[in-house]
Structures are given as C-alpha cells and as structure tokens.
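Peer 1: Heads up, here are the entries from TrEMBL:
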- C439: active site, phosphocysteine intermediate (ACT_SITE)
- N353, I354, C439, S440, D441, G442, W443, D444, R445: substrate binding site (BINDING)
- 661-695: coiled coil (COILED)
- 200-643: domain 'Myotubularin phosphatase' (DOMAIN)
- 503-525: region 'Disordered' (REGION)
Amino acid sequence: MYRSRSARSPSPNTQLAESDKIEGAGSFVALEWTKIDPVSRSVPLGVKQFLLEAEHVVVEGYGVVLVNTDLAGTLYVTNFRLLFLSEGSRDIIAMGTIPLATIEKFQKIALKLPSGSRQPEKSGLQRLLQIIGKDMRIIVFGFRPKTKQRRAVYDALLRCTRPTRLWDLYAFAGGPSRFSNTNPKVRLLNEYCRLLGMGFYQASIRAIEDGSFTFSNEWWRISSVNSNYTMSPTYPFALLLPKSISDDKVLQACTFRARCRLPSITWCDRGTGAVLARSSQPLVGLMMNMRSNADENLVAALCTQIAGEKRRKLYIADARPRKNALANGAMGGGSESSANYFQSEIVFFGIDNIHAMRESLGRLRDYLDTHGTTSSDGMSSFLRHGGWSWGGGNLSSMSASVSTLGDTGWLIHVQTVLAGSAWIAARVALESASVLVHCSDGWDRTTQLVSLASLLLDPYYRTIKGFQALVEKDWLAFGHPFSDRLGMPTISGTFELSRQASTGSLPLSPMRQGSGSSSSQVQNTSHAQNQNSPIFLQWVDCVSQLLRMYPFAFEFSSAFLVDLLDCMLSCRFGNFLCNSEKEREQAGIFDACGCLWMYLAELRASEGSSHAHYNLFYDPLKHDGPLLPPAAALAPTVWPQFHLRWACPSEAQGGEVEAECRKLTRKFSELQRAKEAAEARLNDTNVTVESLVAELRNEKLVSTSARDAVKRASKETATIKRAVQSLGFNVYFSADGDCNVGIVRNPTEIPQRSICSVSTKDSNGLVPHSEKADLSEPVTVMQGNVSDNPLIRVCGSLCPMHTNDGGCRWPNADCAQFQSQFVGLKANFDAFDRLSIYDSYFGT
C-alpha cells in the first residue's frame with residue numbers, strides 16, 4: 001500500500017505490510033506514494049449505500065491517503081460533500097468526510113522530498129491537497145503521481161464548493177422530503193404572542209395574509225408596518241413595538257437608523273414592563289449633532305412608567321469599542337448622546353468586528369492543529385517538537401503553549417460577549433430597566449448580545465423548543481446575513497469569499513515553507529471585502545460556556561449545539577440560507593428545502609429522552625428565573641465537544657461526566673426495558689397458566705364424569721356377563737374389545753322326555769292343554785316330524801339346556817323365540833314345586 005512513519009502505529013483500517021514500513025523523520029515526507037496501487041471498482045456499487053437523497057458522485061479518486069489518520073481509501077466528490085471511504089473496511093472516515101459548504105478554503109501543495117529519499121519519482125514532489133474547514137479541522141489528502149486525480153478533485157471543488165447560484169446548493173436538490181415544517185412566519189407570530197402574555201397562541205397563514213395578526217396588550221403591540229418589507233428589507237414582516245407609537249411615527253423614525261433598522265422590542269417582561277430592544281446605529285453624522293424627534297420618542301416609549309414610581313431608566317448599549325463608534329461618524333453613523341434621550345446612559349462593550357473574529361478563529365484552528373494529537377502534516381505534535389513529554393494532547397499539561405492559545409484571542413472575544421450579555425440581563429432583572437442594544441448595522445454583535453441576554457432572562461429559551469424560537473426570532477427574522485458570513489451565494493447570485501487562505505490563517509509549517517509551494521495562485525480578496533465571519537458559531541460557543549456554568553438550567557446538551565452548528569455550516573437545509581427573511585421568501589426556501597429543526601427532532605425521536613441532545617442534569621425548578629453569572633464565572637475555556645473533536649478526539653469525549661452519566665442512563669434504560677419486557681412475559685405466562693388451570697379443571701370434571709360412566713358401564717357389563725353366564729354361556733372379551741360368546745356343553749347327559757313339547761291341533765284348530773307342559777309354554781307349534789322342526793334345531797344348537805341325545809335338562813319346558821331368533825325358555829315357575837329332583841341334573 002504505502003509507507004507510514006514508524007513513530008505512530010497505523011490505524012487498524014490501514015493495510016500495511018511490514019516490508020513497507022521505514023524509519024523516517026516522522027512526517028509525510030516518509031510516505032512512498034508509488035506504493036499505492038490503483039483500485040478499479042464501480043462507483044455506484046462502492047458508494048451508493050452511503051449517499052443521501054438526491055446525492056450523486058461528481059468525481060472519484062482511488063488510492064488516496066488521508067494523511068491525518070494514515071488511512072488509504074477512496075475519495076469521492078459529490079454534489080453535497082467530500083466523502084472518504086476506508087480502503088480496508090469500506091466505512092466512512094469522519095475525519096476525511098466534510099460537506100462542501102463547510103469547506104472554507106483549499107489549496108494544492110507540491111512538497112519536495114528531502115535529499116536521499118528513495119522516492120523514484122523524477123520530480124521528487126508529493127502531491128497533496130489541503131482542506132481547511134469552518135468546523136475547526138484541517139485535512140490533507142495525498143494522491144498518487146501521474147494519475148491526475150488531484151487535479152480532477154481540485155477542479156470539482158472549485159465548481160461545487162462555491163456555486164454561483166443559490167439554487168445549485170444541495171439543499172434544493174434534496175428538497176423538503178420528510179423534513180418539512182410549518183411556515184417560519186407562523187412560528188414568529190406565536191413567539192410574539194407568548195411575549196405579549198397570550199399564552200402559546202397558534203397563528204395561521206390566513207392571519208398573515210389578511211393582516212389580522214396585530215395583537216396587543218396594555219404596553220406593546222404587533223405591527224404590520226413592515227409586512228411587505230418596504231420599510232426595512234432586512235427586518236421581519238412583523239415587529240413588536242410600543243403601543244403608544246403609531247405606524248406613521250415608526251416610518252418617520254426608521255430613516256434615522258442605518259438600513260432603516262429602527263428600535264424594535266425583542267424581549268419584554270410582562271411583570272415589570274422592562275424591555276430588551278435592538279436597532280442599528282443612529283445616523284448622527286461626523287459632528288454627532290444630528291437628531292430625530294421621532295426616533296427619540298420611539299426610544300422613550302420603551303421606558304414605560306414603573307408602578308408607583310417615576311419612569312424607568314434606559315440603557316443604550318453600544319456593542320462596539322468607543323473609538324470605532326466615533327470613527328463611524330465619518331460615514332454618517334455614530335452613537336447616541338445621553339443628553340438627547342431622557343434618563344439614559346450610554347455603555348460601550350468594546351466587541352471587535354467580524355474581521356477580528358474571523359482572524360481569531362483561524363489562529364485558534366491552526367493552534368489546535370499544531371498541538372493536537374492528530375495534525376494535518378502527518379505526524380503527532382509531540383513528535384514534531386522532538387519528544388514524548390506531551391502524551392496525547394491533554395490541554396492541562398501544555399503549559400508551554402498556553403500563551404499561544406491566548407494569542408489567538410478567541411477566548412477573550414467570547415468572554416467579552418458573555419460579559420456584555422450578563423450586564424444587560426442584570427440591568428433588566430435587577431433594576432427593571434429597559435435596554436436598547438445596537439452596533440453598526442445591528443445584525444452581528446447586536447444579535448449576539450440580545451439573544452444571549454434573552455437566554456439568561458427567560459427560562460423558556462433554555463428549552464429545546466424555546467431555543468429554536470430564540471434562534472428563529474433574533475438570528476433569522478431580524479436578518480443576520482448568514483449567506484455573507486458563510487460565503488454562500490445570495491438570491492442575487494453573488495458571493496464573496498476567497499478560495500485561498502484568508503489573512504486570518506497562520507503561515508504553513510516550516511517544513512512546508514521550506515519545501516512546498518502552492519500550485520494555485522488565485523489572488524486573495526481584500527480584507528474589507530471578505531464578509532465571512534463565525535459570528536453565529538461564536539454565539540453558540542458562548543451558549544456552551546453558560547451550559548458549563550449552569551449544568552441544571554438547560555434542557556439541551558453540548559451534543560445538540562454541535563449538531564446544530566454542523567447542520568448550519570453544511571447548508572443541507574434551508575433555514576440558514578440567504579441574508580434575510582425577505583430573501584428566503586423570494587427564493588421559496590420554505591417550500592423548496594428541508595427544515596433543520598425537523599431533522600434534529602427526528603434524531604431525538606429515535607431514542608426518546610435518552611438521546612444525546614437532552615441534558616441529563618436538566619432541572620427546570622432549580623433555575624426557574626434569570627441567570628445572572630458573576631464576573632468571576634465568565635472565564636471561558638476551549639469548548640471540547642466542538643473545538644477539539646478533530647484535533648484531540650480523546651479530549652473531546654474522554655473523562656466527560658455527562659458522557660459517563662449518559663452511558664449509565666442508557667444502561668439503566670436498557671435494564672428498565674428488559675425488566676418491563678420480563679414483567680410483560682411473566683404476565684403473559686400467568687395468564688397462560690390460569691387458562692391452562694381452567695382447562696385442566698374442566699378436563700378433570702370431564703374425566704371424573706367419564707370415569708363414573710365407565711364404572712357404571714363396568715358394573716352393568718359385569719351384571720350382564722353374570723346373567724349370560726348364568727344361562728350357560730361363556731363370554732370372552734378380546735384385546736380389541738370384540739365380544740365372543742361360547743356355549744358350554746356338559747358331557748353329562750340328563751334324561752329328558754323331549755326337547756320341547758309338541759302339540760297338535762284338534763279338529764277345531766285348538767291346541768289342548770297338557771299337564772306335562774306346566775314348565776313352559778310353547779311359542780310355536782309345528783306339525784310333522786319333530787326333527788324337522790326348525791325350532792328344535794335352533795333349540796338344539798343354542799339352548800344351554802339341550803343334551804347331546806336331543807333331550808332337555810329342563811323338562812316340561814317349552815322354547816321361546818322371537819321370529820327366527822331363540823330368546824330363551826318360557827317357564828312356568830309355579831311348576832317348580834312339582835319338579836322331581838334328579839341327581840343327574842347337577843352332573844358328577
């Protein structure tokens with residue numbers, strides 16, 4: 001296959017022969033790419049089982065090496081992602097599989113081999129492709145020489161990662177499928193109604209179409225002034241405004257704010273009347289002397305009267321550094337003056353702009369790649385630094401690199417956003433004050449602050465359903481430019497993102513600088529034109545910090561936040577496409593694309609409450625009010641589940657209490673299910689046993705009845721048998737139940753005078769009575785010879801009283817018969833007294 005560095009054991013999925021291993025310097029310069037054999041297989045058969053709906057292969061490359069993990073495999077470029085399958089197991093390798101929209105930049109690297117290398121290639125170059133992702137990973141693929149596979153993959157990435165049209169994204173090819181959802185406008189109205197105290201009102205499309213959604217309470221109202229997006233194209237169709245301000249005054253006030261993003265309520269406290277509002281910067285001009293009565297009245301209306309007291313205080317929170325706010329005055333912007341807004345106080349939070357955040361995240365990504373257990377240059381960082389002192393990337397042991405982590409500035413930026421949000425939440429919760437938040441345009445830093453402050457103030461937003469409502473309201477409806485920040489095409493078909501390394505990236509490692517050169521020389525866009533920035537990612541990072549500080553306050557877990565970010569960065573669904581609600585409606589996103597929230601809900605439905613999205617420690621009664629973290633608690637750390645999952649996988653998962661608790665909970669759930677199944681089987685068995693007992697009882701009754709019947713039949717049979725035997729017959733019963741009757745012939749002769757008396761009729765036809773016939777009465781009287789009489793023949797053959805000489809042991813008796821059957825003797829028992837006793841009757 002290929003040769004690997006000896007300092008690291010190859011992955012089990014890698015097929016390496018001992019003869020292919022060499023002693024090297026511990027980097028990918030030791031790999032012999034010519035040892036990779038080309039593989040020929042059908043693309044559909046090899047990858048179709050892994051493809052999503054409407055996903056198809058564009059380009060494939062065989063015998064590609066994923067340098068980060070020492071794995072050889074097949075690299076596919078599809079219309080949705082870069083898919084890497086292991087050569088040995090044919091499984092998806094997560095490190096080498098990344099959605100195309102998640103790729104921030106990529107470049108070809110031709111690395112020269114050191115002198116004395118056994119590489120037979122004349123050019124002495126290794127053909128590498130570096131992929132830098134927005135999800136904190138840097139991937140390097142190695143290609144075989146003279147195959148042109150790297151060129152094919154690179155060209156496919158140029159075409160697919162930055163489409164010129166919005167409709168070329170995979171989200172439109174995949175369609176809504178089974179992940180369709182209600183209209184986001186309906187969900188926004190439902191959230192507004194909840195804030196107004198109307199409970200969980202269920203709005204409808206009809207209410208939106210006929211404009212009947214303008215509900216109100218004693219302080220605030222839902223306005224349709226922007227229903228056609230004519231006032232502000234980046235604001236939602238419905239706004240929550242003070243009830244005392246008419247729509248005409250609103251239209252006058254909007255012209256005083258940048259991009260007509262006038263002050264609008266984003267959260268309100270129904271108990272105290274305090275509100276949290278947002279806007280863009282005021283257009284006060286260079287001299288900071290421009291004013292607007294309509295804007296001042298609108299801002300003043302945010303501060304309703306406190307019961308029994310004077311008017312509440314107003315804080316105007318400017319997210320920018322003070323110097324930046326003053327510098328914007330040169331372009332007509334600036335900040336408010338407390339003298340122009342009654343009982344107000346201006347506060348500057350000093351949060352840097354989008355460019356500083358982009359550069360900071362780039363430095364953090366390079367830092368983690370440098371010090372992680374798996375780095376993109378093909379060796380472990382502890383090998384790079386020439387020793388084994390760092391055993392696997394434990395951040396707590398990297399004392400020498402702590403300053404480098406601090407130099408990235410990322411944790412400082414996160415802390416600044418957290419501190420500003422906590423300050424805003426404290427003013428609303430402790431002082432019942434109203435706070436107006438803005439930055440320059442009011443869609444980046446402003447969104448971070450108001451949404452994080454709302455999360456601290458309202459426990460509903462700390463549930464999964466409430467968190468979705470919060471994101472859709474403050475990030476999507478109020479127009480955070482996701483397309484610009486992610487580098488995706490807008491509805492106009494333009495995008496602004498460099499395909500090359502941005503200014504925020506650290507230079508290549510010395511090894512690469514000394515021997516490598518980029519074969520792609522696309523000119524970088526300028527610093528100001530690059531609108532890509534991880535603003536939403538940074539906000540989710542802040543949420544994860546609060547989750548770490550308050551593990552009982554949130555229904556969702558870090559795994560939920562990671563999946564949310566992955567879906568957002570991948571552009572697989574339509575929720576985060578375009579720059580505003582208006583653009584998403586014009587592009588038909590809702591009808592044409594799937595919904596991210598439905599996809600995440602389906603994931604949770606597969607495992608119920610034991611799913612990784614649920615926080616096992618969530619206790620809604622423990623934190624049923626505002627969260628007000630002290631300043632000392634606002635010291636953020638690297639978010640392991642997101643930042644370290646590629647560079648230090650063991651650190652991202654190992655030693656996590658939640659993960660261990662989830663394992664125990666899952667095991668307990670399995671045992672609980674097994675117990676319930678066993679109890680169900682036991683109940684079924686009990687029912688079956690009871691049924692069998694009832695049947696056995698019935699069978700016993702039937703058996704008893706049958707036994708009694710048999711006893712009665714046996715007694716009757718015995719009686720009949722004795723009766724028959726008393727007549728001189730022997731009764732024999734065979735094994736099969738047949739009955740044979742035999743006649744007992746006694747050899748002792750009994751003198752008899754006749755077998756049966758024969759009477760003749762007189763001339764009158766009457767039979768005269770004979771005294772010798774006292775013992776029996778004849779049944780039939782036949783004339784003629786007695787031996788020819790059939791009755792005598794029957795009598796001689798069947799009668800037990802018949803003797804061998806034709807006599808009868810019972811004299812003076814006549815035989816009785818029914819039709820032709822002999823039935824016995826018809827005796828006159830009164831003649832027994834006159835019988836003479838002969839000894840010969842009883843034999844010898």
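Cβ from N, Cα, C; glycine included.
No curator has checked TrEMBL annotations; they are predicted automatically.
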Peer 1: Per-residue pLDDT averaged over the domain 'Myotubularin phosphatase' (200-643) comes to what?
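Peer 2: Mean pLDDT across the domain 'Myotubularin phosphatase' (200-643) comes out at 85.
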Peer 1: If you skip the near sequence neighbours and keep only those at least six away, which residues in the chain come within under 8 angstroms of R445 (substrate binding site), Cβ to Cβ?
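Peer 2: Looking at Cβ-Cβ distances below 8 Å from R445 (substrate binding site), excluding near sequence neighbours, one finds A319, R320, F349, I351, N353, V417, C439, I535.
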Peer 1: Using an 8 Å cut-off from the Cβ centroid of N353, I354, C439, S440, D441, G442, W443, D444, R445, can you name the remaining same-chain residues around the substrate site, in sequence order?
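Peer 2: Surrounding the site, in chain order, are A319, T446.
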Peer 1: Looking only at N353, I354, C439, S440, D441, G442, W443, D444, R445, the residues listed as binding substrate, what is the longest Cα to Cα distance in Å?
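Peer 2: Binding-site diameter by Cα atoms for substrate: 12 Å.
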Peer 1: Please list residues from the chain of W443 (substrate binding site) whose Cβ is under 8 angstroms from its Cβ, counting only those at least six apart in sequence.
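Peer 2: Spatial neighbours, sequence-distant, of W443 (substrate binding site): T234, R261, S280, F478, G479, H480, P481.
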Peer 1: Which chain-mates of D441 (substrate binding site) that are at least 6 residues away have a CB under 8 A from its CB, listed by sequence?
Peer 2: A258, R259, R261, S280, Q281
